[in-house]
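Encoded as structure tokens, the structure appears first; notes follow it.
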Amino acid sequence: MRTTPDSEYYQSDRSSEVSDVPYRTCSITNEDEFIVIGNERHYRRDIEEQQQRNQETEIIRTPHFFYMVHEPPKVEYGNAGALALISTSFNGLIAGFYLAGTMGITQLNVAVGLMFFYGGIVQFCCGAWELVKGHTFAATMFTSFGTFWIQLGATLTPAFGIRQAYGDDIEMFNNAMGLNILGWALFAFMMFTCTVKSNISLVLAIFTLDITLFLISAGFLTNSQQVFKAAGIVSVINAFIGWYEAFGAIANNKNSYHSLPTYPIPVIQGQSRMTGNGKCAEY
């Protein structure tokens, strides 16, 4: 005889049949075909069928008592990737306007707050949450670019003394910034290669982000305002593509009457959409 120590029994106030039965035991025979409850033997399949019928109430009614089925609660997590895409796209839109010289604006300092908080801290937290959910690609992407925006905001903040450390040597500062942005561009290209099994909108979002970073890097290294202007234009385009992708992740039949198609990329025959230890292009 094998006793089930984790089973919980209790009396039901609604049944007079068990009013004088304070406690009963449950055991399973060695054949695993019968379940012995008190002095009565029941077929296992009958108990399982009863459990299936009472799944919604999570109570199995047997002849002498009620058996409570304890099931772990189902926890559903939101899609932090949509928020991360919106935050980085918003920063990219504002920075793109400034880089393109829209309405004569040439300084990025007004966007420092956005860089620190919305594009930086918020996006970093989104990446950390994606890491909890097991989405390696999204976690790597969002935490990294969250720190990118924080770094850029710190560079534009005089209190950090980053720009002041170069003194009057503008060329050295531009070269340092150019190489720094180039590193981020190479990282973005690596992330781009992990989107080829996702959908067209996400591929275009990461691709235009990569082009923007390469152009900004070239603008610093060549000290060319025309290159900076081109980078700003591409950054604005990237922002709208990112918002398109984010809206596709947010809109559903519960909150919107319509949604945007994302156009999944066909998978090559014999290849899986999942690779490595995570869902490469899932956020």
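Quick reminder: no glycine exception, Cβ is built from N, Cα and C everywhere.
Annotation comment: TrEMBL describes 80-101 (among others) as transmembrane segment.
Residues annotated as transmembrane segment in TrEMBL: 108-131 (among others).
The annotation transmembrane segment is assigned in TrEMBL to 137-160 (among others). Remote same-chain partners of the transmembrane segment (137-160), defined as residues 6 or more beyond its termini with a Cβ less than 8 Å from a stretch Cβ, comprise 80-81, 84, 88, 91, 108-109, 112-116, 119-128, 130-131, 177, 184, 187, 191, 194, 278-283.
For 172-193 (among others), the entry in TrEMBL reads transmembrane segment.
Under the heading transmembrane segment, TrEMBL lists 199-221 (among others). Long-range Cβ contacts of the transmembrane segment (199-221) within its own chain (Cβ-Cβ under 8 Å, at least 6 residues beyond either end) map to 85, 89, 92, 96, 99, 174-175, 177-179, 181-182, 184-185, 188-189, 191-192, 227-228, 230-231, 234-235, 237-238, 241-242, 244-245, 248, 260, 262-265, 281, 283.
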